[in-house]
(Lines of atoms letter the chains of each structure in order from A; the text may use other names.)
(Lines give C-alpha, C1' and ligand atoms only; values in the text may rest on other atoms or scores of the structure.)
Protein backbone atom coordinates (compact mmCIF):
# COMPACT_ATOMS: atom_id res chain seq x y z
CA UNK A 1 0.00 0.00 0.00
CA UNK A 2 1.28 3.50 -0.85
CA UNK A 3 2.18 5.55 2.25
CA UNK A 4 0.04 8.61 3.00
CA UNK A 5 1.59 11.87 1.88
CA UNK A 6 3.90 13.26 4.49
CA UNK A 7 1.62 16.21 5.25
CA UNK A 8 2.65 16.11 8.89
CA UNK A 9 6.39 15.83 8.34
CA UNK A 10 7.17 18.99 10.31
CA UNK A 11 5.44 17.68 13.44
CA UNK A 12 6.95 15.86 16.39
CA UNK A 13 5.17 13.45 18.72
CA UNK A 14 5.71 11.67 22.02
CA UNK A 15 4.14 8.24 22.56
CA UNK A 16 3.63 7.57 26.27
CA UNK A 17 2.68 3.93 26.80
CA UNK A 18 4.08 1.00 28.79
CA UNK A 19 2.75 -1.53 26.31
CA UNK A 20 5.33 -2.58 23.68
CA UNK A 21 2.75 -3.44 21.02
CA UNK A 22 0.99 -0.08 21.27
CA UNK A 23 4.36 1.70 21.32
CA UNK A 24 5.28 0.00 18.06
CA UNK A 25 1.91 0.43 16.35
CA UNK A 26 1.42 4.08 17.31
CA UNK A 27 5.00 4.97 16.42
CA UNK A 28 4.64 3.30 13.00
CA UNK A 29 1.40 5.16 12.34
CA UNK A 30 3.11 8.45 13.15
CA UNK A 31 6.20 7.57 11.07
CA UNK A 32 3.99 6.78 8.07
CA UNK A 33 2.72 10.36 8.22
CA UNK A 34 6.29 11.64 8.38
CA UNK A 35 5.96 12.63 12.04
CA UNK A 36 9.18 12.32 14.05
CA UNK A 37 8.26 10.39 17.16
CA UNK A 38 9.80 9.43 20.47
CA UNK A 39 8.58 6.72 22.87
CA UNK A 40 8.61 6.65 26.67
CA UNK A 41 7.25 3.97 28.97
CA UNK A 42 5.39 5.89 31.66
CA UNK A 43 4.19 9.29 32.80
CA UNK A 44 7.32 10.07 34.82
CA UNK A 45 9.52 9.62 31.74
CA UNK A 46 7.17 11.92 29.81
CA UNK A 47 7.51 14.61 32.47
CA UNK A 48 11.30 14.15 32.73
CA UNK A 49 11.83 14.49 28.99
CA UNK A 50 10.05 17.86 29.13
CA UNK A 51 12.16 18.96 32.11
CA UNK A 52 15.15 18.27 29.86
CA UNK A 53 13.84 20.83 27.41
CA UNK A 54 12.21 18.61 24.77
CA UNK A 55 9.00 19.81 23.15
CA UNK A 56 6.46 17.94 21.04
CA UNK A 57 3.51 19.04 18.93
CA UNK A 58 1.51 15.96 19.95
CA UNK A 59 1.55 13.69 22.99
CA UNK A 60 -0.31 10.37 22.83
CA UNK A 61 -0.89 9.57 26.49
CA UNK A 62 -1.97 6.17 27.79
CA UNK A 63 -3.88 6.17 31.07
CA UNK A 64 -2.75 3.06 32.97
CA UNK A 65 1.00 3.04 33.43
CA UNK A 66 3.32 2.11 36.31
CA UNK A 67 5.27 4.72 38.32
CA UNK A 68 3.15 7.64 37.06
CA UNK A 69 -0.16 7.17 35.21
CA UNK A 70 -1.53 9.29 32.38
CA UNK A 71 -3.80 11.40 34.58
CA UNK A 72 -0.99 12.44 36.92
CA UNK A 73 1.41 13.01 34.02
CA UNK A 74 -1.08 15.18 32.12
CA UNK A 75 -1.70 17.31 35.24
CA UNK A 76 2.04 17.75 35.77
CA UNK A 77 2.74 18.65 32.16
CA UNK A 78 0.00 21.29 32.17
CA UNK A 79 1.27 22.66 35.49
CA UNK A 80 4.73 22.95 33.86
CA UNK A 81 3.17 25.06 31.11
CA UNK A 82 3.31 22.41 28.37
CA UNK A 83 0.90 23.52 25.64
CA UNK A 84 1.25 20.53 23.31
CA UNK A 85 -1.85 18.77 22.05
CA UNK A 86 -2.30 15.90 24.52
CA UNK A 87 -4.56 13.10 23.35
CA UNK A 88 -5.52 10.44 25.89
CA UNK A 89 -5.47 6.98 24.30
CA UNK A 90 -6.82 4.25 26.54
CA UNK A 91 -8.83 1.07 26.58
CA UNK A 92 -10.74 2.25 29.65
CA UNK A 93 -14.18 3.43 28.71
CA UNK A 94 -16.46 4.22 31.65
CA UNK A 95 -17.73 7.81 31.53
CA UNK A 96 -16.28 8.51 34.95
CA UNK A 97 -12.79 7.40 33.89
CA UNK A 98 -12.91 9.39 30.65
CA UNK A 99 -14.09 12.51 32.49
CA UNK A 100 -11.31 12.19 35.07
CA UNK A 101 -8.75 11.87 32.29
CA UNK A 102 -10.16 14.82 30.32
CA UNK A 103 -10.24 16.99 33.43
CA UNK A 104 -6.51 16.38 33.92
CA UNK A 105 -5.93 18.57 30.86
CA UNK A 106 -6.41 16.51 27.70
CA UNK A 107 -7.30 18.15 24.41
CA UNK A 108 -8.94 14.99 23.16
CA UNK A 109 -9.59 11.40 24.09
CA UNK A 110 -9.58 8.33 21.84
CA UNK A 111 -10.35 4.74 22.64
CA UNK A 112 -7.57 2.22 21.97
CA UNK A 113 -6.56 1.05 19.53
CA UNK A 114 -5.94 4.29 17.65
CA UNK A 115 -6.85 4.03 13.96
CA UNK A 116 -5.31 5.69 10.91
CA UNK A 117 -8.41 7.86 10.24
CA UNK A 118 -8.49 9.04 13.88
CA UNK A 119 -4.80 9.95 13.80
CA UNK A 120 -5.25 11.73 10.46
CA UNK A 121 -7.97 13.87 12.03
CA UNK A 122 -5.79 14.65 15.09
CA UNK A 123 -2.81 15.68 12.93
CA UNK A 124 -4.97 17.84 10.65
CA UNK A 125 -6.36 19.68 13.70
CA UNK A 126 -2.83 20.43 14.94
CA UNK A 127 -1.66 21.66 11.53
CA UNK A 128 -4.77 23.80 11.00
CA UNK A 129 -4.45 25.42 14.40
CA UNK A 130 -0.80 26.30 13.75
CA UNK A 131 -0.67 27.59 10.17
CA UNK A 132 2.78 28.63 8.94
CA UNK B 1 1.76 -24.10 -6.58
CA UNK B 2 1.87 -20.90 -8.63
CA UNK B 3 1.77 -17.45 -7.03
CA UNK B 4 -1.80 -16.61 -8.05
CA UNK B 5 -3.07 -19.80 -6.49
CA UNK B 6 -1.15 -19.12 -3.27
CA UNK B 7 -2.58 -15.60 -3.15
CA UNK B 8 -6.12 -16.94 -3.58
CA UNK B 9 -5.48 -19.49 -0.85
CA UNK B 10 -4.24 -16.67 1.42
CA UNK B 11 -7.32 -14.53 0.66
CA UNK B 12 -9.64 -17.46 1.43
CA UNK B 13 -7.85 -18.14 4.69
CA UNK B 14 -7.93 -14.50 5.76
CA UNK B 15 -11.66 -14.28 4.99
CA UNK B 16 -12.31 -17.38 7.09
CA UNK B 17 -10.39 -15.86 10.04
CA UNK B 18 -12.67 -12.83 9.91
CA UNK B 19 -15.87 -14.82 9.33
CA UNK B 20 -15.08 -17.08 12.30
CA UNK B 21 -14.32 -14.08 14.52
CA UNK B 22 -10.66 -14.87 15.15
CA UNK B 23 -9.54 -11.51 13.78
CA UNK B 24 -11.15 -8.09 13.42
CA UNK B 25 -10.40 -4.87 11.54
CA UNK B 26 -7.46 -4.00 13.76
CA UNK B 27 -5.42 -6.74 12.05
CA UNK B 28 -6.08 -5.11 8.68
CA UNK B 29 -4.79 -1.84 10.14
CA UNK B 30 -1.50 -3.56 10.95
CA UNK B 31 -1.24 -4.77 7.36
CA UNK B 32 -1.92 -1.26 6.09
CA UNK B 33 0.95 0.04 8.22
CA UNK B 34 3.42 -2.42 6.67
CA UNK B 35 5.43 -0.96 3.79
CA UNK B 36 8.76 -1.29 1.96
CA UNK B 37 10.52 0.56 4.84
CA UNK B 38 9.25 -2.01 7.32
CA UNK B 39 8.31 -5.17 5.36
CA UNK B 40 8.34 -7.32 8.50
CA UNK B 41 6.10 -5.06 10.58
CA UNK B 42 3.18 -7.49 10.94
CA UNK B 43 5.51 -10.39 11.84
CA UNK B 44 7.22 -8.19 14.46
CA UNK B 45 3.94 -7.11 16.05
CA UNK B 46 2.53 -10.65 16.05
CA UNK B 47 5.78 -11.93 17.63
CA UNK B 48 5.49 -9.28 20.35
CA UNK B 49 1.91 -10.43 20.94
CA UNK B 50 3.04 -14.05 21.34
CA UNK B 51 5.79 -13.08 23.82
CA UNK B 52 3.46 -10.83 25.78
CA UNK B 53 0.72 -13.47 25.88
CA UNK B 54 2.98 -16.26 27.17
CA UNK B 55 4.17 -14.00 29.97
CA UNK B 56 0.67 -12.82 30.94
CA UNK B 57 -0.79 -16.35 30.88
CA UNK B 58 2.02 -17.53 33.15
CA UNK B 59 1.31 -14.68 35.58
CA UNK B 60 -2.42 -15.40 35.44
CA UNK B 61 -1.99 -19.12 36.14
CA UNK B 62 0.14 -18.23 39.17
CA UNK B 63 -2.35 -15.65 40.42
CA UNK B 64 -5.47 -17.88 40.24
CA UNK B 65 -3.64 -20.73 41.98
CA UNK B 66 -2.85 -18.72 45.10
CA UNK B 67 -4.45 -19.74 48.40
CA UNK B 68 -5.41 -16.17 49.07
CA UNK B 69 -6.65 -14.91 45.70
CA UNK B 70 -5.94 -11.29 44.79
CA UNK B 71 -8.76 -10.45 42.36
CA UNK B 72 -7.35 -6.98 41.71
CA UNK B 73 -4.09 -8.50 40.52
CA UNK B 74 -5.89 -11.04 38.33
CA UNK B 75 -8.01 -8.24 36.87
CA UNK B 76 -4.90 -6.18 36.12
CA UNK B 77 -3.36 -9.09 34.19
CA UNK B 78 -6.58 -9.73 32.27
CA UNK B 79 -6.87 -6.02 31.46
CA UNK B 80 -3.35 -6.17 30.02
CA UNK B 81 -4.18 -9.24 27.97
CA UNK B 82 -7.35 -7.63 26.69
CA UNK B 83 -5.34 -4.63 25.55
CA UNK B 84 -2.69 -6.80 23.97
CA UNK B 85 -5.19 -8.91 22.03
CA UNK B 86 -7.20 -5.86 20.95
CA UNK B 87 -4.03 -4.25 19.61
CA UNK B 88 -3.57 -6.98 17.00
CA UNK B 89 -7.24 -7.67 16.37
CA UNK B 90 -7.43 -11.03 18.17
CA UNK B 91 -11.15 -10.61 18.70
CA UNK B 92 -12.04 -13.93 20.37
CA UNK B 93 -9.21 -13.58 22.89
CA UNK B 94 -10.32 -10.02 23.63
CA UNK B 95 -13.94 -11.12 24.16
CA UNK B 96 -12.85 -13.95 26.45
CA UNK B 97 -10.92 -11.37 28.50
CA UNK B 98 -14.02 -9.17 28.80
CA UNK B 99 -16.00 -12.09 30.24
CA UNK B 100 -13.09 -12.92 32.56
CA UNK B 101 -13.02 -9.38 33.94
CA UNK B 102 -16.71 -9.59 34.82
CA UNK B 103 -16.03 -12.61 37.02
CA UNK B 104 -13.05 -10.87 38.62
CA UNK B 105 -15.43 -8.09 39.60
CA UNK B 106 -17.81 -10.67 41.10
CA UNK B 107 -14.83 -12.29 42.87
CA UNK B 108 -15.97 -15.68 41.65
CA UNK B 109 -12.80 -17.82 41.70
CA UNK B 110 -14.33 -20.92 40.11
CA UNK B 111 -15.64 -18.88 37.20
CA UNK B 112 -12.25 -17.13 36.96
CA UNK B 113 -10.46 -20.47 36.71
CA UNK B 114 -12.86 -21.54 33.98
CA UNK B 115 -12.32 -18.25 32.16
CA UNK B 116 -8.57 -18.72 32.32
CA UNK B 117 -8.94 -22.04 30.51
CA UNK B 118 -11.18 -20.36 27.93
CA UNK B 119 -8.70 -17.53 27.37
CA UNK B 120 -5.83 -20.04 27.02
CA UNK B 121 -7.81 -22.05 24.45
CA UNK B 122 -8.67 -18.97 22.41
CA UNK B 123 -5.05 -17.83 22.51
CA UNK B 124 -3.80 -21.23 21.31
CA UNK B 125 -6.36 -21.19 18.47
CA UNK B 126 -5.44 -17.70 17.27
CA UNK B 127 -1.73 -18.43 17.63
CA UNK B 128 -2.06 -21.46 15.35
CA UNK B 129 -4.14 -19.49 12.85
CA UNK B 130 -1.68 -16.59 12.76
CA UNK B 131 1.30 -18.91 12.35
CA UNK B 132 -0.44 -20.57 9.40
CA UNK B 133 -1.27 -17.18 7.88
CA UNK B 134 2.29 -15.91 8.22
CA UNK B 135 3.63 -19.15 6.73
CA UNK B 136 1.38 -18.67 3.69
CA UNK B 137 2.67 -15.09 3.37
CA UNK B 138 6.28 -16.26 3.50
CA UNK B 139 5.56 -18.76 0.72
CA UNK B 140 3.98 -16.07 -1.47
CA UNK B 141 6.92 -13.70 -0.99
CA UNK B 142 9.47 -16.49 -1.54
CA UNK B 143 7.75 -17.28 -4.85
CA UNK B 144 8.14 -13.63 -5.92
CA UNK B 145 4.56 -12.54 -5.23
CA UNK B 146 3.12 -9.87 -2.95
CA UNK B 147 0.55 -10.10 -0.19
CA UNK B 148 -2.88 -8.96 -1.42
CA UNK B 149 -4.44 -6.00 0.37
CA UNK B 150 -7.75 -6.80 2.02
CA UNK B 151 -10.49 -4.41 2.99
CA UNK B 152 -13.11 -5.46 5.43
CA UNK B 153 -16.47 -3.71 5.73
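Even glycines carry a Cβ here, placed using N, Cα and C.
Per TrEMBL, the feature domain 'Response regulatory' maps to A:12-127. When pLDDT is averaged over the domain 'Response regulatory' (A:12-127), the result is 94.
A coil conformation is recorded for residue A:62 (4-aspartylphosphate) in the three-state DSSP classification, outside any helix or strand. On its own chain, residue A:62 (4-aspartylphosphate) has A:16, A:17, A:18, A:19, A:22, A:70, A:88, A:89, A:90, A:112 as residues at least 6 apart in sequence with a Cβ closer than 8 Å to its own Cβ. Annotation source TrEMBL lists 4-aspartylphosphate at A:62.
Here the domain 'Response regulatory' (A:12-127) is broken down by DSSP into helix, strand and coil counts: 53 helix, 24 strand, 39 coil.
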